[in-house]
Structure formats: structure tokens, C-alpha cells
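Single-structure report; data block below.
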Amino acid sequence: MSRYADAGFPQARPRRLRRTPAMRRLVAQTRLDPAELILPMFVKEGIGEPQPVPSMPGVVQHTRDSLRKAAHEATAAGVGGLILFGIPQAKDERGSAADDPDGIVQQALRDLTADLGDATVLMADLCLDEYTSHGHCGVLTPGGEVDNDATLERYASIAVAQADAGAQVVGPSGMMDGQVAAIRRALDGAGHTETAVLAYSVKYSSAFYGPFREAAECAPRFGDRSSYQQDPANAGEALREVRLDLAEGADMVMVKPGLAYLDIVRRVADEVDVPVAAYQVSGEYAMVEAAAANGWLDRDRAIMETLISFRRAGAQLILTYWATEVARRLSES
Ligand code: PBG
């Protein structure tokens, strides 16, 4: 017998609560539930077959039909919500397809509303970058800057088009000042008082969006998004953005990306009394998939560990491209 045991040392033994899987399950402070997961989905106009996204193995640009099937599967797996991103056939300076009643996202929203009704929460990303020929999130001034207030008019119109088509939640992601207020006013004015706003309140100018720009075909043709998205060096302005969005009528707030910003997730979660979402973005997905494909880490464990970290940091909702897979795994276990 060890002399330590003889002496009644150590007095505290935290390992007692880690001994068996049943004990660990009993004392786990954080759990994942499929209902808290939101699946981002891409739907592209004018394609005959779903198109794989090379930098996001397992993710595709859907056709309208394949979207319906995948949305059904996600819902059957218990995923809490779906958020749609559209890729139009034709792009122009002002992103005209974004608020076209027959634009691809509006068509997809009508499809999914008919198929799923209230069985899921149907959301639409609300931005212009997928729709503009220049790839920026708003309309441009003659000098080539993103024109904040002219863009708000576009966002207001997109919000109404999406709500008309069945979106229950719209998610403005363009980081224009006043976007939540402009959208709220437009929705209410059009009779869509029940349509909720999930504000991408805290959105950093991040390298981790790289694969998404391939998936959504929206890389800016010139410059970058740093004049509207936040500087990764700053935390204080994240809280300011959240406060402003809540004052403007946001129903839920989001922090994006996730993993590199868990400190921000925690600070926001401590500050607000609305649901806080975190977006596990395309680059986070790609990193794990690429490392796993090389045999460098255990894919399934890494996925679950990142997701539980989001929850532990205070995110109530998580947007993840793994939502359907994880929801299934959770129901099996
Ligand atoms: C903008 C938008 C972006 C993402 C979601 N909405 C890209 C960007 O700001 O460049 C990124 C999501 C991801 O990387 O998974 N409409």
C-alpha cells in the first residue's frame, strides 16, 4: 500500500466522479440536444444534380429537390432548425435576385413550408453577398465602398420577400449599422409581426469563412469585408453590437465564428437574456474534416468536443454543418 493512502492523502479525490461512463454521465454539467442544432444549407438555382463543395467534404450545393430531401432528413433526426443560403443563376450590382419573389431562396422556402410546415423552424440568411456581382454584402457607392443606408433598403425588401415565402426567422448577416431596426420595421409594416430576427450581431472578419465563399460563390471580387465585419482584436465592440441589436428588436443574437471566439460567446451569454447562438463556420468544419481525412485526429470525438465547448461557453443554439449527423448520433446514444 502506498504511504500516501496510509496517511489519508490526498484528502480530495476528484477522480471519484470520473471513474465510470455512468458516473461521468450523471455529473455532466453540459449536454447536447438535437433541438439546439441549426443546419445551414445551400441551394443553387439552375443545377440538375447536387454539387459537392470541395473544401467542405460532405456538404453540397443542393438542387431544390435534394434540399427537400435533406431538410426532411434533418427534421426527422430532430435538428431544431434549418437556415438557407441561396446561390442565384444571375448576379448583378444590387443583388436583384435576393428579393425576387421567384428567387431561389424564396422558392426553396415555399417548398419547405409545404413539406414541413411547423415541424421545423425555417430560417433564411439575409445578406447580399451571394447575389451581388462584386461579392460584397451591400450595394456600393460610386467610389466602391459599401453604402450602409442604401443597403438597408435592400435588406428591408429581402426580409419581406423571405417572410412572404415562409421564413419564420430571418438572419441578417451583413453587419450594416441599423440593419435589425430596418428589417423589423419592414416586416411589421408588411404584416409579418411574428417573423423573428436572429441577428448575426457579432460577426468577425474571419479567415475561417474561406470554404463558405466557395460553397456560396460569394468571395468579394475586390478588397475584403474588414470595413464592415469586426476586427478579431476587439471584444468590447462585440458587446456594443449586441446591445444595439437588442435595442433594435433582435429576438436572438449570434456570435460568429465559434471556436476562436468562445470568450465572446461567454461574455455575450452573461450579458443578455435572449437565446445566444454560435456559428461553427465553414473553416472550422474544414479543419476537422481535413485533419481527420489525414488520420491526424479522431473526427467524431473532435466534432462532439467542439460542440460541447460551444455549449459550455454559453451558446444555447449552435449552427453546424454536422447538425444532422450529430443529431442522429445523439439519439442513438
Ligand atoms: C454572409 C455570410 C458568410 C457566412 C455566413 N453568412 C460569409 C462571409 O461573411 O463572408 C460564413 C459562414 C461560414 O463560413 O460557414 N452572407
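Yeah, the Cβs are placed from backbone N, Cα and C, and that goes for glycine too.
TrEMBL entries are annotated by machine, without manual review.
Residues annotated as active site, schiff-base intermediate with substrate in TrEMBL: LYS203, LYS256. Under the heading 5-aminolevulinate 1 binding site, TrEMBL lists ARG213, ARG225. If you look up TrEMBL, you'll see GLU241 marked as Mg(2+) binding site. Residues or ranges marked as 5-aminolevulinate 2 binding site by TrEMBL: SER282, TYR321.
Structural mapping of features recorded in TrEMBL.
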| residue | record | contacts (Cβ under 8 Å, 6+ apart) |
| --- | --- | --- |
| LYS203 | active site, schiff-base intermediate with substrate | SER173, MET175, GLN229, GLN230, MET254, LYS256 |
| ARG213 | 5-aminolevulinate 1 binding site | ALA219 |
| ARG225 | 5-aminolevulinate 1 binding site | HIS136, CYS137, MET175, SER205 |
| GLU241 | Mg(2+) binding site | SER201, VAL202, GLN230 |
| SER282 | 5-aminolevulinate 2 binding site | SER55, MET56, PHE208, TYR209, GLY210, PRO211, PHE212, ALA215, TYR321 |
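Over all protein chains present, the Cβ of TYR321 (5-aminolevulinate 2 binding site) has 25 other Cβ atoms lying within 10 Å.
Among the recorded positions LYS256, SER282, TYR321, the residues whose Cβ lies under 6 Å from any atom of ligand 1 are, in sequence order, SER282.
ARG225 (5-aminolevulinate 1 binding site) falls outside any helix or strand according to DSSP and counts as coil. Its own atom aside, the Cβ of LYS256 (active site, schiff-base intermediate with substrate) has 24 Cβ atoms within 10 angstroms in the protein chains shown. Secondary structure from DSSP puts TYR321 (5-aminolevulinate 2 binding site) in coil.
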